[in-house]
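K.L.:
Here you go, one structure.
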Amino acid sequence: RIRPIRLIGLCASLITFLYSPVPRIQFDSSTAKSQFVESLRWLPYENINFYLGIDGISLFFVILTTFLIPICISVGWSGMRSYGKEYITAFLIREFLMIAVFRMLDLLLFYVFPESVPIPMFIIIGVWGSRQRKIKAAYQFFLYTLLGSLFMLLAILLILFQTGTTDLQISLTTEFSERRQIFLWIASFASFAVKVPMVPVHIWLPEAHVEAPTAGSVILAGIPLKFGTHGFLRFSIPMFPEATLCSTPFIYTLSAIAIIYTSLTTSRQIDLKKIIAYSSVAHMNLVTIGMFSPNIQGIGGSILPMLSHGLVPSALFLCVGVLYDRHKTRLVRYYGGLVSTMPNLSTIFFSFTLANMSSPGTSSFIGEFLILVGAFQRNSLVATLAALGMILGAAYSLWLYNRVVSGNLKPDFLHKFSDSNGREVSIFIPFLVGVVRMGVHPKVFPD
């Protein structure tokens, strides 16, 4: 009975993915206005509507979301022996909520949908997690995001009190006093910083990744971490320009510290998932530096690493999942010499290691280069620290690859290392195509 459920869920997610590029074909890139708008009356006593649309930024994140969900269902195909219906339902509900996050044009939806996404993820970690600490990690993940969101709710209520509506387009044209701008910016920052995540509110992410199943880590790395930077780009920066300008030194300092701190912390980790998780924090904080640079290079450059981050860490978590399925451990010390026993996976792992280092020709290179250009125009010291963080990132990425793939072979575990099968390799191919496509011809995405 589980197999039909899996097939239905996979087919539903594939149909959604195949339809998602259709708006791209019909999209008018000559205008910045939202397109494919849908508006329904929601609350009759206030000017609050169920208001959705797509612009040039959200379009690609919707496609990325619909791309990852079939992958997640496929990854859990063989391990879904219990609660199969619930597993599929959790991922499909999560897909609907994440698509709505990128399409929302109403401030109340700006609170409702991002704060609903952690609910199915809480279930995924708590039910299908891999270790005894999964319940603690699930609660930690849920409470961090919930507490941060309360500040966002307060900001939305204050905006509703002043404007009389939660329409995002109207709110963007409303002039707020400097004092109120600063207060609203701080409230929104408290919510978005948890989602990025920024130091010191990043603790929940490594724990959630370690305890989540492989599919949970793939979707957690691929989409929800973009909610914070998407919120900055869609809400905080355009709505509170004076407060954003005043807060730029603070964001620069916090992000630079986060990049160096998490890069150094990564080099001390012994769990494969934690290494990738801390690396994700460093990459996302580099994105915030670009996003708060008051120039087109920084802001435009920050979009590509956000999209790239939906592919590269997700693929690395898939590599770790393949290893864990065979050996039932993620500790680095138990691995070595995989190139001898798993040449296919070693080649795939090397490809995504290069992408994680932002090597030329991969998806993150152009975007992170533009971020550094934009940051140098604003603050050369912060840009230098960010560049140092990228060097540290390359160092720990190469160290990890050398330790796991090119190190000494562990003969005691040799019999457990069978190479990636055809199904597993086929899952990696779309990721490789996306990484190379964005690296070779990135111009289409900022447009």
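Numbering starts at 1 and runs along the chain as it is shown here.
Cβ coordinates come from backbone N, Cα and C, glycine included.
Features from TrEMBL:
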- 106-387: domain 'NADH:quinone oxidoreductase/Mrp antiporter transmembrane' (DOMAIN)
- 48-75: transmembrane segment (TRANSMEM)
- 111-129: transmembrane segment (TRANSMEM)
- 141-162: transmembrane segment (TRANSMEM)
- 182-205: transmembrane segment (TRANSMEM)
- 249-266: transmembrane segment (TRANSMEM)
- 275-293: transmembrane segment (TRANSMEM)
- 299-323: transmembrane segment (TRANSMEM)
- 335-355: transmembrane segment (TRANSMEM)
- 381-401: transmembrane segment (TRANSMEM)
K.L.:
Ranking 48-75, 111-129, 275-293, 299-323 by the number of C-beta pairs under 8 Å to the transmembrane segment (335-355), which range is first?
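P.N.:
Answer, by Cβ pair count: 299-323.
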K.L.:
Determine which residues of the chain contact the transmembrane segment (141-162) at the Cβ level, with the cut-off under 8 Å and only residues 6 or more beyond its ends counted.
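P.N.:
Residues 46, 107-108, 110-111, 114-115, 118-119, 121-122, 125, 171, 174, 176, 180, 183-184, 186-188, 190-195, 201, 203-204, 207-208 contact the transmembrane segment (141-162) from elsewhere in the chain.
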K.L.:
Answer yes if the transmembrane segment (182-205) and the transmembrane segment (48-75) have at least three CB pairs under 8 Å among residue pairs 6 or more apart in sequence, and no otherwise.
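P.N.:
They are not in contact.
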